[in-house]
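Undergrad: Got a structure here, written out as C-alpha cells. Questions coming.
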Amino acid sequence: MKFAVVVFPGSNCDVDMYHAIADELGEEVEYVWHDEDNLDRFDAVLLPGGFSYGDYLRSGAIARFSKVMAAVKKAAEAGKPVLGVCNGFQILLEAGLLPGAMRRNQGLKFICRPVQLTVENHETMFTSAYEKGEVITIPIAHGEGNYYCDEQTLERLVENRQIVFRYHGENPNGSLADIAGIVNEQGNVLGMMPHPERAVDALLGSADGLKLFRSIVNYWRETHVVTA
C-alpha cells in the first residue's frame, strides 16, 4: 500500500505522519508538494497538521485553493481513504469534502495536551481495529478546533453514524456535541482534530493512534489482491 503525505507551506506534522506509516507500519509513503496535480499512484492520501499558508484568513482557507486539492477531491471521489488531521481537517472542511466549519477554541487559547476520545463508530475503514466505545488517548494541538454545523447537518451526522470520535469527559475546545472527528457520507474521508500520528509509540505516552493507521491498511488489504 502506498500513502501520500501532502505538504503545504507551513505544514509541520508531515514528518510525524511519514514516521507513523514508514517506521511503525512499514508501508510505502511519499511526501507530495502542494502543487502536485496527480495522486493516482497512491492508495491513500494524508493531509497533516500545521499552519498552512500561515493560517491567514482562516485555518485552511488558502490551502483549499492549492493545486493538489483537485487531486485530493479526485481521490476521495474514487473511494480512496483520505485523512485530514488538525489543519488537514480544517482544509477538508474549507474544501467542502466534509460538512461544517471550524471556529476558535471556546477559551480563545491554543491547547496542546493529550485528551481522551471515545470511538463512536468502529465500523469504518479508519476505525476497524478499535472496539466500539473504546476510550483512547490522543494529543491535540490547535487554536481553532471548535467544530460547528447547523442543526440539520448535525442530525444527518448522527443518523448516518458519521461522528467517529467524540471527546471523552472534558470537551477541550467547545466543539459541538463533543465532536472530535467525522467522516463523509461515503465513509472514506475522515477529518479529526487530535493527532493520531503523535500517538504511535507507548514510550512517548500513547500508541492508541496506531490502530487508526492499521485500520486503513487492513481495509486496503481486504479490498485488494496483494501479490508477493
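Every residue gets a Cβ built from N, Cα and C, even glycine.
Copying in the features that Swiss-Prot gives for the protein in this structure:
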{"type": "DOMAIN", "residues": "4-226", "note": "domain 'Glutamine amidotransferase type-1'"}
{"type": "ACT_SITE", "residues": "Cys86", "note": "active site, nucleophile"}
{"type": "ACT_SITE", "residues": "His195", "note": "active site"}
{"type": "ACT_SITE", "residues": "Glu197", "note": "active site"}
Undergrad: Counting all other Cβ atoms within 10 Å across every protein chain shown, which of the active-site residues His195, Glu197 scores highest?
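TA: Going through His195, Glu197 one by one, the largest Cβ count within 10 Å is at Glu197.
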Undergrad: Enumerate same-chain residues with a sequence separation of six or more from Cys86 (active site, nucleophile) and a Cβ-Cβ distance below 8 A; give 'none' if the list is empty.
TA: Cys13, Pro48, Gly49, Gly50, Ile140, Ala141, His142, Gly145, Met192, Met193, Pro194, His195
Undergrad: State the three-class DSSP label for Glu197 (active site), counting H, G and I as helix, E and B as strand, and everything else as coil.
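TA: Its secondary structure by DSSP: helix.
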Undergrad: Report the mean pLDDT of the predicted model across the domain 'Glutamine amidotransferase type-1' (4-226), rounded to a whole number.
TA: 95
Undergrad: Hey, does DSSP put the residue listed as 'active site, nucleophile' in a helix, a strand, or just coil?
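TA: In the DSSP reduction, the residue listed as 'active site, nucleophile' maps to coil.
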